[in-house]
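So the structure is just underneath, and the comments pick up after that.
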Amino acid sequence: MNTRRLFARSRLQLAFWYALVMGGILTLLGLGVYRAIVQANWMALEREVESIAGTLHDSLEPMLPSNASPTGVLQKMLPDLCLVNQPCQVNPTLIERHTLGISDRSLYYIRLFDYQGNLLAFSPNQPASLSSIFNQETWQTIHPPTGDRYRQFTTILHSAGNTDKSSWGYLQIGRSLAAFDAENKRILWILGLSFPIALGLVAFSSWGLAGLAMRPIYQSYQQQQQFTANAAHELRSPLASLLATVEAVLRIDSSHSPEINTMLHTVERQGRRLSQLITDLLLLSRLEQETTAEDWRLCCLNDLVSDLTEEFLELAIAAHIDLSSDLSSGEVYAWGNESQLYRLVSNLIANAIQYTTAGGRVDITLTSHEQMAIITVQDTGIGIAPDQQEHIFERFYRVNRDRSRKTGGTGLGLAIAQVITVKHRGSLTVESALGKGSLFTIQLPIFSVPIVHS
């Protein structure tokens, strides 16, 4: 995979997780702040209602006689309240004389009950659907079928002449929660508007911080790649000299003992293997560092596969393996670097022959489907275990290490193939089963060639 794309994806993932974590923290913090504000407003509202109820209680209790008719007393004490089962005329000064400085008197209503829980009087502005059945709970939240919610407080009233402090009745005062609910909605709206802005700032900051975090890693990776390329480049010359010397000694002086000749042949073989490894490392490093497509041109995949089949035919015959190819009836073109595409397919064919036993088959096919060129290399070889299939495209990974050493494999062939495929905006997949062989599939975008009519 292209190095820049790899690090860009890692940076994006790091920024995403950072933004996700910070977004979760901001969400929890916002919910906590909202909950704290709502709770504070709720407690302030209850204190206000309780304070007003206490003031009314202290004002009414001294004027409540123990033996007078409740109806007659209430008509004299509270002429602006509506009595049960009597006509009610709304007086504009109704609550103003009895709510003692309430800022918005229309938000409140008052109800009086006798000690048996029978409704005696009520404010004309109480909710129309409010039940007349007495509920002795101190605090209640009233939910009328229509309209606003109310918070209701109930307290006991005692008559002035009652020495045993038995109950004369009950006072209920309720407050509309319309303003409270509207304030909560306003807070939610502010938080809902602020959250995307904050999340956007967090995402922007996350991207910058992820870049700062990835910079030393990227620099370290570049230094490692540069070191690998430099080391491989510096090793090529002395290694070439060593191989030339060994070949010259073997060719000119044949008087050595069999042991020395064997050692020289071993040195030559290992030197060539090391030379191939250096070549592969340089190629892999160059592929990962390339960012331009200057050498790309139109490539006929039919010719490429046909040439490779002919090239590997002799090797397959020597290994007693049946090598065949089945090309698409029409010409299939791709846009890319021809030498790299050649290396891509040749690595797969070489691997297939290497891991197929004598008497087996290697089949190469070229087809096209939905603007994609599909090249498959299928063998009847030893196969790949499921737990190894996800690692075979890693550098220096070998399925069968002993066999790779005997055949001179470097462990970079499939890694190079994967890098070339991704560089050409394609995909490389494998399907395999132990003892049944493997199927490698390359998919590359098709380059449509315009048809010129003569």
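Positions of Cβ are set from backbone N, Cα and C atoms, glycine also.
Regional average pLDDT for the domain 'Histidine kinase' (230-448) in the model is 82. What Swiss-Prot lists as domain 'Histidine kinase' is 230-448.
Swiss-Prot lists His233 with the feature phosphohistidine, giving sequence analysis as the kind of evidence.
The topological domain 'Periplasmic' feature in Swiss-Prot is assigned to 1-13 (among others).
Annotation comment: Swiss-Prot describes 35-186 as topological domain 'Cytoplasmic'.
The topological domain 'Periplasmic' annotation in Swiss-Prot covers 208-454 (among others).
The transmembrane segment annotation in Swiss-Prot covers 14-34 (among others) and rests on sequence analysis.
Sequence-distant neighbours of the transmembrane segment (187-207) (same chain, 6+ residues past either end, Cβ-Cβ under 8 Å): 11, 14-16, 18-19, 22-23, 26-27, 30, 33-34, 37-38. What Swiss-Prot lists as transmembrane segment is 187-207 (among others), and the listing cites sequence analysis.
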Using a Cβ-Cβ cut-off of under 8 Å, list the residues of the same chain that are 6+ residues beyond the ends of the transmembrane segment (14-34) and lie near it.
187-188, 191, 194-195, 198-199, 202-203, 206-207, 209-210, 213-214
